[in-house]
Amino acid sequence: MILDAQHPLSSGLTADSRLIQAYQGTRPAVTPVWFMRQAGRSLPEYRELRVGTRMLDVCLDPALASEISLQPVRRHNVDAGIFFSDIVVPLKLVGVDVSIVAGKGPVLGKAVRTRADVDELTALDPALLDTALAPISAAVSLAVSQLGSTPLIGFAGAPFTLAAYLVEGGPSKDHIHARALMHVEPDAWAKLMAWTAEVTGRFLRAQVLAGASAAQLFDSWAGALSLADYAASVAPASAAAIAHVRDLTYTVPGAADGAEPAESVETWRNVPIVHFGVGTGELLKEMHNIGADVVGVDYRVPLDEANRRLGGAVPVQGNVDPALLAAPWPVLEAHVRDVLERGRTAPSHVLNLGHGVPPDTDPDVLTRLVNLVHDVSAAE
Ligand code: 1CP
């Protein structure tokens, strides 16, 4: 499907931005930078807005969700906004009993542990999201209208990471119940994954249609899986989730001018899709193969090695160790320069953290880091 003419990728507003260039595999003159979990926790202006509110209520309030998405862009001069929401929002909107407990994370009213539990959950009709996602679309449109030429990244949880919360009933270290269900009840597992892929895929598509210029799938807990289990029991559902945005295209404005007819086909682009996981060094190739354009790398695998594992042809995103944000500036600076250098081995690189911003991070360190990345990469 072609994005409508007002979409910032189609209108050309964000299509030439550093972020979209890098995601499309072209190295821009200056390396783009944004931070996972940049919206929220570490910003005093976020904590001020959040007083007396519940996380999921805020996610469903378009004015608040939009404002929080913009806060880090204003403050840090990052090259992208990420939409403020949570991976469990589409579960809530389709009727799952889930809340976000402060200091803990998503907690389910009832864990999905048996075949009967899966049948009960999957009886909730994902088509309900056609209307239930309206506040999400409204929040994205509002944020995009204020971001101008800075792209907004839409996101969703990958089916495994969502299933991990559904089956465990909340946060978990080893995801043992989810991994057990995969083998004890393979049919129920497949049904759960297919349902989750549809729910999360619709959430992602709604954000892109409302104006997000890129889409990131977070498989935060896929690092708990062996490569064999990932490939057989998880990757097909992640591919199904991504398929909800894989067909969305735009043309690069003006690029067809003067081009030979045969060249003009090259002006068509897919909305770029990023796939990120934690502890997924062994899975990088599979994570690319499910239909991603860009692979997000956590802090454990250096980018030159990640690039080698990916065959040298895939744009990478990452991977400053979030722990180093607390280190003395010269230590952090040396680390960031090293990440930039290793990132130069890949076709293109978007600098990010290897996981989210820790809540106690000094926001001024993030601003200084953005300037460093822009200055160092511009001088190369
Ligand atoms: O009260 C609060 O402020 C709650 C803290 C919080 C915030 C700010 C949660 C609860 N979610 C969010 C927002 C959020 N979640 C964003 C938008 C902000 C941004 O990135 O700038 C995004 C992209 C997410 C995605 C998310 N939620 C992931 C994937 C990314 C990752 O960090 O791995 C995961 C795993 C979640 C679940 C979740 N939601 C909240 C918490 C504390 C957690 C993790 C819990 C756990 O450890 O299992």
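Any Cβ shown, glycine's included, is placed from N, Cα and C.
Curation does not apply to TrEMBL; its annotations are automatic.
Counting residues of the domain 'Uroporphyrinogen decarboxylase (URO-D)' (32-41) by DSSP class, helix then strand then coil, yields 0 helix, 1 strand, 9 coil. Taken from TrEMBL, the feature domain 'Uroporphyrinogen decarboxylase (URO-D)' applies to 32-41 (among others).
Per TrEMBL, substrate binding site is recorded for Arg37, Gln38, Ala39, Gly40, Arg41, Asp86, Tyr165, Ser220, His355. His355 (substrate binding site) counts 23 other C-beta atoms within 10 Å of its own C-beta, drawing on all protein chains shown. In the three-state DSSP assignment, the secondary structure recorded for His355 (substrate binding site) is coil.
The annotation site 'Transition state stabilizer' is assigned in TrEMBL to Asp86. Around Asp86 (site 'Transition state stabilizer'), the same-chain residues six or more apart in sequence whose CB sits under 8 Å from its CB are Met55, Leu56, Cys59, Ile100, Pro106, listed in sequence order. The DSSP secondary structure for Asp86 (site 'Transition state stabilizer') is coil.
Taken from TrEMBL, the feature domain 'Uroporphyrinogen decarboxylase (URO-D)' covers 153-169 (among others). Averaged across the domain 'Uroporphyrinogen decarboxylase (URO-D)' (153-169), pLDDT for the predicted model comes to 98.
Listed recorded positions: Arg37, Ala39, Arg41, Asp86, Tyr165. Those with a CB atom under 6 Å from ligand 1: Arg37, Ala39, Arg41, Asp86.
Through the fold, the domain 'Uroporphyrinogen decarboxylase (URO-D)' (32-41) approaches residues 17-19, 21-22, 47, 68-69, 71-72, 76, 78-82, 84, 153, 276, 296, 350-353, 355-357, 359, 366, 369-370, 373-374 of its own chain, all at least 6 residues removed from its boundaries and within a Cβ separation under 8 Å. The Cβ neighbour count for Arg37 (substrate binding site), using a 10 Å radius over every protein chain in view, is 17. Other Cβ atoms within 10 Å of the Cβ of Arg41 (substrate binding site) number 15 in total over all chains.
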